[in-house]
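Trainee: Pasting in a structure now, in structure tokens, and then I'll have a few things to ask.
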Amino acid sequence: MTTLFNTFQMSQFAPDHSLLMFLTTTTTNNNNNFNTTTTSNPLPCDPYLLNWTSSLPPMMTSINTSTILTMNGFCPETLLSVSIASFELFIFSILTPLTLLGLVWMRKSPHLQARGIYTLVWTIASCSFGIVFPALRWTMGRRIFPCGLYIVIIFNIPQVISLPCICKCLALYAKFKLYRLLDEKKQLVNGVDMMTSDVETLSTMTGIPSATTTIDGMIQNSPNSASQQLPQSIGKDEPSKAQPSTPTVTFQFPSMDSIKENTTSPTTITSNETTERTSLSSFNSRPFSSSDLWKVRVLRFLGSSAFHIMIAVAGFSFHSTLWLLLGVIQYVFPEIADYEVGLWYFSSGCGVHKNTAIMVAVQFSFYLVLSALVLIISWFSDRDTYGIKLETSIVTLFFLFSISGYLILSQFEIIRTLVDYFIPYGQLMVTFTFLELIVYVTIPVLWSIYQSYHQRKNKEDIPLDNKNIVEKILSNKKMFDLLVDFSRRSYCSENVMLYVDIKNYRKATKKETKERIVMHILKNYYERGSPLEINTPHIDRLANELLKLIQSKNTSQIDIFMDRLCEQCVQNMYDVVFRLLFSNEEVRKWVYRKSTVNIEQLDLKI
């Protein structure tokens, strides 16, 4: 059978590279089911390649000092091309294991968990595919790298390097919509001055907390109160200790000297104490409809690692199946196949047929458009506190630039026939893949290590009980509002909402109101698949225990159990509160001023 392009015509195209090669220079005898490969007369390479090749090509039909001939349609690799590819493999062999070890070490870091541990592992695997195989091909030489393996690679490269960007953008927007929906259902009631009688009515209707809780009231009802010891605390590893009412605090935050200079006098702060003891902002709880529950489940799934892994498996399966199907068709019906080499040919190197190149180009174009769309969608989301939106925008924009530059460079003959042998323009995609690995995984791992060290050091400089700081921030309306916004943008506002509902339970006096609130907490926080499911160990055991207490109608035991839940809830908020403390100057100043008042009040008493 006559092939679509003969060998001479194929040599007119670009020298083959790592991703999308528009040539093939070996012809195959279709009547022999691609078991033999024939090569027509080799063509001369560009004279500039004579003194730069990494090795003289074997099997040349002629050798002279002025001409280098093609073999399988390719000129020999230059020393520069081989050196660059070898250096990339060297860097990859060091960077990836260290990144993976750091990921395992810091796997419990909220900074990494917000991205999804399995998603990060998948990103490492995808980047490995997009770096190792092209670099190996340049290092070994395009003449000898197995043709069948190369075809498998180019069939999968488009989805391998683009899906992490696409899934990141989708996850970012899904989490934004999820917590915006939860915020609508647990909406802040600001500036409401309710009377005590109104609290019971509002609680009966919606199960929301009181808006008249003061710091003094919280201390009296607090599980850390000296008069109330928490039995069977969930945090058994760290038994609670009685805290002095006015602890001495030493802060060494950044720029604390300037803060101290501008701090108002103790008298002024004390006189404003009544205004600082504002009520705890309440949530206006609205019932979740069936459509709301469906939206929550879909959005959680889109933002989960399970969805990302499923997409990765589906993408690899589809592209590999496409390669296999075309190979079977070519093998069974050679008379209708226009490929110069078989898709299952592993004896030597090759490029790709024009039809294959068009197919891969269409795939790249599809993922290019899809990446642009999801990037635009992700820009409508709020800026998160983990920097996910920033890194996603950077990587996706560079992906669009790399694909566009790759397709443009392939149109210049001088680049295809000469420059590509010195610096393959396929390096654009490999460079992008390195950037993807570093920005998506390596930098978050390094930041988690730094953040862990920084927080540990600062906690040593702040001899104040964590619970004290958390409860002070929760007790002040302005600080609480800042915490709500920060936790929402950190994708972990469930514990803040639960804390408010528990405070609402403590404030309520009617038995019917307490029962409504307890059922609200059980259904919305501690049932599997609930819209506000708490990320806490042994959630099923806790749910069963609470359900039994509700059925037994043992009010005193329910009160004790709610104290335990509040204790655990406060502990769960340690990370988000301290990240807010160290990232928000206003919160730092406020905590510093409160602590200064306590110190000077203690001096006056002494």
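Yeah, the Cβs are placed from backbone N, Cα and C, and that goes for glycine too.
As annotated in TrEMBL:
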type: COMPBIAS; residues: 221-232; note: compositional bias 'Polar residues'
type: COMPBIAS; residues: 242-255; note: compositional bias 'Polar residues'
type: COMPBIAS; residues: 261-288; note: compositional bias 'Low complexity'
type: DOMAIN; residues: 469-561; note: domain 'RGS'
type: TRANSMEM; residues: 79-105; note: transmembrane segment
type: TRANSMEM; residues: 117-136; note: transmembrane segment
type: TRANSMEM; residues: 148-173; note: transmembrane segment
type: TRANSMEM; residues: 307-333; note: transmembrane segment
type: TRANSMEM; residues: 357-380; note: transmembrane segment
type: TRANSMEM; residues: 392-409; note: transmembrane segment
type: TRANSMEM; residues: 429-450; note: transmembrane segment
Trainee: Where, among 148-173, 307-333, 392-409, 429-450, do we find the most CB pairs under 8 A to the transmembrane segment (357-380)?
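Mentor: When the Cβ pairs under 8 Å are tallied, 148-173 comes out ahead.
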Trainee: State, in range form, which of 79-105, 148-173, 392-409 has the highest count of Cβ pairs under 8 Å to the transmembrane segment (429-450).
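Mentor: Counting Cβ pairs under 8 Å, the winner is 79-105.
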Trainee: Sort the residues of the domain 'RGS' (469-561) into helix, strand and coil with DSSP and give the three counts.
Mentor: 70 helix, 0 strand, 23 coil
